[in-house]
Amino acid sequence: MSAIVDIVGREILDSRGNPTVECDVLLESGTMGRAAVPSGASTGSREAIELRDGDKTRYLGKGVLKAVEHINTEISEAVLGLDASEQAFLDKTLIDLDGTDNKSRLGANAMLAVSMAVARAAAEESGLPLYRYFGGMGAVQMPVPMMNVVNGGAHANNSLDIQEFMIIPLGAPSFREALRYGAEVFHALKKIIHDKGMSTAVGDEGGFTPSVASHEEAIQLILQAIDSAGYTAGEQIAIGLDCAASEFYKDGKYQLGAEGLSLNAQEWTDMLATWVDKYPIISIEDGMAENDWDGWKILTDRLGQQVQIVGDDLFVTNTKIFKEGIDKGIANSILIKINQIGTLTETFACIEMAKRAGYTAVISHRSGETEDSTIADIAVGTNAGQIKTGSLSRSDRMAKYNQLLRIEEDLGEIAFYPGRAAFYNLR
């Protein structure tokens, strides 16, 4: 038995300079696990609640001392003596202790920090790397990265309404090479943007934030960079979009300020379909607003055979909401964000539900990140096949990519990079 003998929560800062929660868990053997939780900018309204202090005299009200106090008192009392290797029981203990549907009493940030730290301690105790602890000997598949090289929306201060324009190196032979493809395109894009006299400043997730006239111009810049780096768009590198459409959905219309357009769901779907026909787009995330389920059905029926349609704000890593979407034939993929739900056990259940339904699961970071690289191990440990963890700059993003390099090295010859096969939801 790997009994938990001590637990310590603390307030640290994330990649945006905002407070977040870190937790240390000590086992009776002396083994320690540490984890830090991320935080989002564009958040779904049905996400588990991230507990903030609301004290405007500290960190503009964003302090997390209440969440930390919950770890150091109530949660500590409940989990001391529990077996760290019994993750499901530990997470159920946390859920029952909180007693709410959305983890608003203890805070999902407090609960997730404990859940992750316990898993890290248990993996260390067992002598296994974290990905192997999660997935056993079957964990051999590396994820295809979705790299956010142009930022807009809530992640940037520019004219773009769409939040992320991503490159997806699905033609690479390995994860290591996929990372190289992405880095070389990133640097080619930087030169192109610079030569056009635009700013090469980066957004929250490390992508560039150029002030372009339209969304298509942003796509064309990326295609130019792919070509300049010596790669073939569509074959070696595809494009993905995260529209984060809830952010520009107002009064029943999709308001595209960059184009000066106000579109209903059918018109917005037509516009996305035009882009899909014109450009090598293979994935569209949050193409409709989280509450526009009719719009989601229109989008899925129109493009769901040829493009990965990812629900993020739509499903918020919640199996109850996700099941409703599956039953209604909405989307064909789910974005997995551990802090949207608040425990590892619930996260894994959502990934498993996706696989059973023939949906893909994309493991994702948040815009406010830390040096914690747990999601890299989750991506491999669950054989998810895809990961979304930012651009090719900022050390908070590189922490995940570099961990994946280590995992691929550790796997050696049995490491498998799925490439286009990761999009098994497409026909």
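Placed from the backbone N, Cα and C atoms, the Cβ positions cover glycine too.
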Swiss-Prot Mg(2+) site partner of Glu285, Asp312, selected from Asp227, Asp242, Asp372: Asp242
Site-mate of Gln163, Arg366, Ser367, Lys388 for (2R)-2-phosphoglycerate in Swiss-Prot, selected among Lys190, Lys191, Lys196, Lys337: Lys337
Pairwise Cα distance for Glu205 (active site, proton donor)/Arg366 ((2R)-2-phosphoglycerate binding site) [Å, integer]: 8
10 Å Cα neighbourhood of Gln163 ((2R)-2-phosphoglycerate binding site): matching recorded positions from Asp242, Asp312, Lys337: Asp242
Local Cβ density at Arg366 ((2R)-2-phosphoglycerate binding site) - other Cβ atoms counted within 10 Å: 26
For Asp242 (Mg(2+) binding site): intrachain residues, at least 6 apart, with Cβ closer than 8 Å: Asn148, Ile162, Gln163, Glu164, Met166, Glu285, Asp286, Val310, Asp312
Rounded Cα separation (Å) that holds between Ser367 ((2R)-2-phosphoglycerate binding site) and Lys337 (active site, proton acceptor): 11
Residue, out of the recorded positions Lys337, Lys388, whose Cβ gathers the largest set of other Cβ atoms within 10 Å: Lys388
Cβ within 8 Å of the mean position of the Cβ atoms of Asp242, Glu285, Asp312: remaining residues of the chain near Mg(2+): Gln163, Glu164, Leu241, Cys243, Ala244, Ile284, Asp286, Val310, Asp313, Leu335, Lys388
